[in-house]
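Visitor: Quick one: structure below, then a few questions.
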Amino acid sequence: MKQDSQSENESIVCDLSVSEDQRNVKFFSDLQTPIPKHLPFFMDVTLRDGNQALRRPWNLEQKETIFKQLLKLGVQGIEVGFASSNNQEFEACKYLSSIAPDNVVISSLSRAVEKEIEVSWKAIRFAPKPRIHIVYPVSAFTIQNVLKISPEKVLDRISQSVAYAKSLVGSKGEVQFSGEHFGDSLENLDFAAEAFQIALNNGADVVNLPNTVERYRPWLFVSMVKAVANLLPEDTRISIHTHNDLGMATATTVESYFAGAVQLETALNGLGERAGNTNTYEVAIALHNCGVEVPLNFSTIYETSRLVSYLSEIPIYEKAPLIGEDVISHRSGIHQDGVAKTRHLQKGAYRAFDAALIGRPEGDRIEFTNQSGKSAVYCILKDAGENITLEEAGRLQPILKKISEDLGRRELTLEEIRIEWNRLLRAI
């Protein structure tokens, strides 16, 4: 998949945070990135990779609840499970395939074993858009130390398994091949590219380049994606599947999209093995902020995160990007002043995203601690319906700061702030 040059692509990132005057400055225009012509295709892996990492994997009823929420969110593809792993998985894959809408790709994972591939096909064949997903290692380390076979046998296994899967799906479905541990194949990148080409030659419709274990910086992985993409046919549909072992999965996935990846494999709440998979919400909003048209229903993100947290029995970290309870709070006086002065603008001084966009019930939240200034006092009481001036807020701020310090530097409640405000009013 060779990339369009900037001169060939008229769609340039439209960053709403930058004025038109700034856009015209030479140094800024040089940093603009062409927006890919293809829309991102979100292939959700919550029901497979996310589910297999849970302490208590979901039952069919819970899987159906997640499945329907994914449809509400608007993902274009759903990997419903690993059909050959056990009978419960098979039945879940079969049932979810039977209720899938016409416009959503339904996938089941399988190892490169014909018997397992056949089970996957039996489970999903009645879906309107079925896809068999085959995974097999391509990194030298895994081939030598886990498979313990020759590279030639690896290529032969890929060829046979993909061809067999293609013979099953025919023109009705698709085949995806994942080169497991692609992110660890820098030392044998030519071999990995050959493996993907063989998969394509035998009927693969999508090739997936996973960062199965995140060990290195995003730039290195993205460079590997570019290198392989340039060796494959121009119309190759490249997929990315990144894990979050070092906390960089979102960055890696976003940059891989700009490097040519069409399909982005992500999970709700970032669920997945070890530190999880790429978080769907983070990738979606990051691309949106870069001017990319993202075909998801953003307004369902917040409710989706709460539902997934409840069903997975995994609490949402209060500082989790976008969905954490505390990520819209501001406590520093400098920050609060900037928030207060830009609340009415589309771009906030300290606001990375619009809370309403993702369905959060409230926007910027200003709290008072001993680090807060008069802007916090003014905004808190003004929002509560009190008639207060900035001058009065300035007089009240040191009183509240002293109380906060006396109480162990804790945050003050609205009621505590109001009590001191009323005392000040009586003294005026």
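Cβ coordinates come from backbone N, Cα and C, glycine included.
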Visitor: Among Asn59, Asn230, Asn269, Asn277, which residue shares the Mn(2+) site with Asp49, His241, His243 according to Swiss-Prot?
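Guide: Of the residues offered, the record points to Asn277.
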Visitor: Around the Mn(2+) site formed by Asp49, His241, His243, Asn277, list the extra residues of the same chain whose Cβ is within 8 Å of the site's Cβ centroid.
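Guide: Here the non-site neighbours turn out to be Val45, Pro210, Thr212, Thr242, Asn244, Ala249, Glu265, Ala267, Gly272, Glu273, Gly276, Thr278.
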Visitor: Once the chains shown are all counted, how many other Cβ atoms turn up within 10 Å of the Cβ of Asn277 (Mn(2+) binding site)?
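Guide: If we count other Cβ atoms within 10 Å of Asn277 (Mn(2+) binding site), we arrive at 30.
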Visitor: Limited to the domain 'Pyruvate carboxyltransferase' (40-302), I'd like the whole-number average of pLDDT.
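Guide: Looking only at the domain 'Pyruvate carboxyltransferase' (40-302), pLDDT averages out to 98.
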Visitor: At 10 angstroms around each C-beta, which of the binding-site residues His241, His243 has the fewest other C-beta atoms nearby?
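Guide: His243, out of the binding-site residues His241, His243, has the fewest neighbouring Cβ atoms within 10 Å.
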